[in-house]
Amino acid sequence: MTGAVAKEGEANGAIAAPEEIEKEEMEERGQWSSKMEFVLSVAGEIIGLGNVWRFPYLCYKNGGDLCVEFLNRSSLDNRTLPANATSPMIEFWEKRVLGLTDGIHKLGTVRWELALCLLLAWIICYFCIWKGVKSTGKVVYFTATFPYVMLIILLVRGVTLPGAAEGIIFYLKLDISRLADPQVWMDAGTQILFSYAIGQGCLTALGSYNKYTNNCYRDCIMLCFLNSATSFIAGFAIFSVLGFMAREQGVPIAEVAESGPGLAFIAYPTAVTMMPVSQLWSCLFFLMLIFLGLDSQFVCVESMVTALIDMFPGVFRKKGRRELLILAIAVTCYLLGLLLVTEGGMYIFQLFDYYAASGTCLLFLAIFEVICVGWVYGANRFYDNIEDMIGFRPWPLIKICWLVFTPGLCLAVFLFSLIKYTPLKYNNSYVYPPWGYVVGWLMALSSMVCIPLYAIFILLKTKGPLKQVLEWWSPGELLLLPPGSLWEGPQGRCTWHISPRRRQGRVRVAPAQNVLQLLLAIWRVWRVSAQLPGDH
């Protein structure tokens, strides 16, 4: 049998077909044509709508004295305070675009304009990824760079508006007392997970199309700084406009716009209308929002498609199968998304955002992921894998982060959020009915329960006594390659990411870098161990 060791230049993480499927029948897994395509793809994923509206929205939500300034304002002048006034932008957003109902119990009808926009988004997403990284790598040259151009233009225009200084001061003002609020820590922790797409499999899927020797250490540092800088700059663009709107309406900055996703659709369009040729800038602004959302959308779909194809290569790595798989996913997601474009769909969207897409479930997954990497797989082995890939030893203190700091911090924020749980309110006013919160927690549990259920399934299915089974899950030394074993099966049979750097008959086994990859790895270990003679 020939060795199944990956060669230099091959895509990291490629999993070939079983023996009975001929190699010539399989399509190539694909690989990035250049380093720039990979960097722009990751940047497009981690730099999205969360940087534009979520980070400024969280600052807006957790900052400043909400009503102190308003109550202390002098009202001795002979003018009417616009306490109940609603700006035309808010009216248009809630009444014309959303057709917002009284609550989640009144979903109303589907807004056909939004349904068509959703359909267009999924059509664009399909054609961006239907050919794999070959098509994705070309698209991101525009979709990942255009939003930066528009963000800089909006920032320059925003800081030149009257009242912008007050908005920026409000943005940068520190309120130390807010640190005692557990919700602030919850929002900060989940924003990190949400913004960096941690535990979602997206970054692992994109990285798997790199060469094994790609310098992932440098990429992580560079992209993390880029992401944080983008969020910080977006805050200036948002709050400069909020300061202008506050001066125009004569109210405190904290009361200019209601909290929520509508912040980006209220503050930014206001800045655009102040520019010459406002219709052109409006089109460009909303194109920026489309590209920000599309980048994150098609990368998330790509991660799901990559996982399914790698798990079942014999089924999906045939001509035309990938396109059909993506089409099935797109159609299913579109039909589910119709709930979000009803007249009460914004309430459901907030449930998704608060429970399913971020918050408690992401913290839960992150805790298990870092424990599996640091304690189950082994921090030393993971550290050696990185050294084997990049050719040098990274900063050694990161092992302490894997073992102690990161799991401890995630666990503390997770427990803190459960103890001081704050029910979701739409725009800080609408209270969901009890069954609405039940639906939200079911969304969160839909991903959380996968870990214990699959672990129990593996324990029950794996042959041998419990002690021996648990040894498979404990950190170990580098795996040996028994002569003639399944580990040295024909090329395409190996199910692990194997380094081309052999050391005295041993190979380094790269770790699973998210929960999905970990579960897939455990499943593969069980399959291999069940076929090895004399092990049980």
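Positions of Cβ are set from backbone N, Cα and C atoms, glycine also.
The Na(+) site recorded in TrEMBL comprises N227, L292, D295, S296 together with one of S177, S195, S208, namely S195. In sequence order, I47, G48, L49, N51, V52, P147 are the residues of the chain that are 6 or more apart from L292 (Na(+) binding site) and have a CB within less than 8 Å of its CB. Long-range neighbours of the transmembrane segment (266-294) within the same chain, counting only residues 6 or more positions beyond its ends whose Cβ lies under 8 Å from a Cβ of the stretch, are 47-49, 51-52, 87, 89-90, 93, 121, 124-125, 128, 142-144, 146-147, 150-151, 153-154, 157-158, 161, 237-238, 240-242, 244-245, 256-257. Within its own chain, N227 (Na(+) binding site) has A43, I46, I47, N51, S195, Y196 as residues 6 or more apart in sequence whose C-beta sits under 8 angstroms from its own. With respect to Cβ pairs under 8 Å, the transmembrane segment (324-349) is most closely packed against 114-133, considering the stretches 114-133, 139-156, 355-379, 400-419.
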